[in-house]
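Read the structure below first, then the notes.
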Amino acid sequence: MGGAVVDEGPTGIKAPDGGWGWAVLFGCFIITGFSYAFPKAVSVFFKELMHEFGIGYSDTAWISSILLAMLYGTGPLCSVCVNRFGCRPVMLVGGLFASLGMVAASFCRSIIQIYLTTGVITGLGLALNFQPSLIMLNRYFNKRRPIANGLAAAGSPVFLCALSPLGQLLQDHYGWRGGFLILGGLLLNCCVCAALMRPLVAPQVGGGTEPRGPQRPPQRLLDLSVFRDRGFLIYAVAASIMVLGLFVPPVFVVSYAKDMGVPDTKAAFLLTILGFIDIFARPTAGFITGLKKVRPYSVYLFSFAMFFNGFTDLTGSTATDYGGLVVFCIFFGISYGMVGALQFEVLMAIVGTQKFSSAIGLVLLLEAVAVLIGPPSGGKLLDATKVYKYVFILAGAEVLTSSLVLLLGNFFCIGKRKRPEVTEPEEVASEEKLHKPPVDVGVDSREVEHFLKAEPEKNGEVVHTPETSV
């Protein structure tokens with residue numbers, strides 16, 4: 001991709017794997033929690049919005065849809081901003097946008113205005129926080145990156161369990177307008193998290209001002225060269241197919257229980273079970289992925305997590321009572337947590353640190369399309385058949401397909417491809433090929449010595465340096 005470029009500074013910065021990285025992890029935990037839980041948490045205000053504006057449930061549901069679409073669909077824009085201005089400034093602006101959108105929504109007089117404020121402005125603000133926080137986390141952690149990603153991903157279920165009751169409490173005491181205003185103030189904490197994202201600085205030589213190591217070539221604002229990487233292409237296709245069905249069961253499981261005659265309170269408790277299991281599944285999956293013997297096979301572990309999730313959906317379609325749905329939510333929470341902990345760790349392992357900011361933006365854009373297709377397609381299938389199990393079968397089939405795409409694509413297209421020829425001197429030396437004569441050529445050391453000493457005019461000038469003299 002042509003156009004403007006930005007220099008990100010010196011190379012050779014080693015991930016500290018701790019230190020200030022724990023503060024970055026804490027900030028990423030909070031940002032991930034807000035980003036994923038907020039679109040679901042605002043749903044507690046939907047009934048009051050329906051009464052206020054005289055609209056239907058489908059009209060209010062667009063608020064969450066627009067929030068998710070902005071979170072996923074603005075990925076490339078976030079990548080450009082991060083590569084141009086850096087993570088911390090982008091997150092500070094994003095925190096202001098997220099707060100401003102909710103504060104402005106508290107003064108809205110129509111649902112369209114809420115779409116623009118809560119949906120577009122707050123959604124954009126959360127997107128400008130979510131992606132840079134992941135980029136900073138992956139710059140601060142290398143050896144401990146899997147467990148760091150798992151702990152950060154745990155912010156989603158933790159905040160979901162906290163924000164939904166908080167939203168209900170605010171609505172009961174202050175109404176939806178007061179609740180939106182207070183939530184807007186709460187989102188200013190994103191700016192605090194942005195302040196924690198301290199850029200890594202290259203080490204200095206002898207206290208001087210010159211950074212150690214070579215300068216990195218200027219980086220494109222949006223690096224489309226990732227599409228030349230077969231590993232990235234396979235990951236992007238698999239992730240897009242996965243998202244078609246991944247979010248469908250949590251959307252429909254409560255209605256599925258109510259359709260069986262389960263009371264509303266018990267039906268809603270299913271999501272609490274799912275979220276509680278998810279809290280522990282994510283860091284556990286990150287810890288397992290970080291083990292030395294497991295980490296080289298993280299792509300296959302991610303494929304297994306997707307397969308596990310799809311298989312759980314298929315078995316959940318056979319549930320006939322509340323107990324069956326409880327068992328489904330337990331296993332779905334485990335598999336869902338594994339997927340959440342591994343998805344960005346695997347992407348980072350595929351594309352590397354330098355291309356991660358562009359890669360994650362492009363992947364989120366592709367997933368945005370799938371997010372807008374998946375749950376609505378499940379709803380249309382439900383309207384046509386009136387049978388919930390078909391919705392779960394469709395979701396399971398989509399996630400299973402994505403796991404097979406990743407597994408087979410990685411095994412046949414990546415795992416078995418020939419290793420490229422070694423061109424770097426350091427790599428050549430490690431392969432013991434440096435200065436190694438062909439097998440069929442014999443070398444007489446006496447003739448070589450005579451040639452160098454007696455006939456220098458045929459050989460050119462011989463220069464002795466401390467590095468070449470023995």
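Cβ coordinates come from backbone N, Cα and C, glycine included.
Features as listed in Swiss-Prot:
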- Ser430: phosphoserine (MOD_RES)
- Thr465: phosphothreonine (MOD_RES)
- Ser469: phosphoserine (MOD_RES)
- 429-446: region 'Basolateral sorting signal' (REGION)
- 446-470: region 'Basolateral sorting signal' (REGION)
- 1-17: topological domain 'Cytoplasmic' (TOPO_DOM)
- 39-61: topological domain 'Extracellular' (TOPO_DOM)
- 106-109: topological domain 'Extracellular' (TOPO_DOM)
- 131-149: topological domain 'Cytoplasmic' (TOPO_DOM)
- 171-179: topological domain 'Extracellular' (TOPO_DOM)
- 201-231: topological domain 'Cytoplasmic' (TOPO_DOM)
- 253-267: topological domain 'Extracellular' (TOPO_DOM)
- 289-298: topological domain 'Cytoplasmic' (TOPO_DOM)
- 343-355: topological domain 'Cytoplasmic' (TOPO_DOM)
- 377-391: topological domain 'Extracellular' (TOPO_DOM)
- 413-470: topological domain 'Cytoplasmic' (TOPO_DOM)
- 18-38: transmembrane segment (TRANSMEM)
- 62-82: transmembrane segment (TRANSMEM)
- 85-105: transmembrane segment (TRANSMEM)
- 110-130: transmembrane segment (TRANSMEM)
- 150-170: transmembrane segment (TRANSMEM)
- 180-200: transmembrane segment (TRANSMEM)
- 232-252: transmembrane segment (TRANSMEM)
- 268-288: transmembrane segment (TRANSMEM)
- 299-319: transmembrane segment (TRANSMEM)
- 322-342: transmembrane segment (TRANSMEM)
- 356-376: transmembrane segment (TRANSMEM)
- 392-412: transmembrane segment (TRANSMEM)
Overall pLDDT of the topological domain 'Cytoplasmic' (289-298), taken as the mean: 87
Could you check whether the transmembrane segment (110-130) packs against the transmembrane segment (180-200) - three or more CB pairs closer than 8 Å, residues at least 6 apart in sequence? yes
Just give the helix, strand and coil counts over the topological domain 'Extracellular' (39-61), going by DSSP. 20 helix, 0 strand, 3 coil
Among 150-170, 322-342, 356-376, point out the range having the most Cβ pairs under 8 angstroms from the transmembrane segment (232-252). 356-376
With DSSP as the yardstick, break the topological domain 'Cytoplasmic' (131-149) down into helix, strand and coil residue counts. 15 helix, 0 strand, 4 coil
With pairs restricted to those 6 or more apart in sequence, evaluate whether the transmembrane segment (180-200) and the transmembrane segment (85-105) have 3+ C-beta pairs under 8 Å. yes
Using a Cβ cut-off under 8 Å, which residues of the same chain at least 6 positions beyond either end of the topological domain 'Extracellular' (39-61) come close to it? 67-68, 71, 110-111, 114, 118, 159-160, 163-164, 166-168, 171, 175-176, 179-180, 183
With the transmembrane segment (322-342) as the reference, find which of 85-105, 150-170, 356-376, 392-412 contributes the most Cβ pairs under 8 Å. 150-170
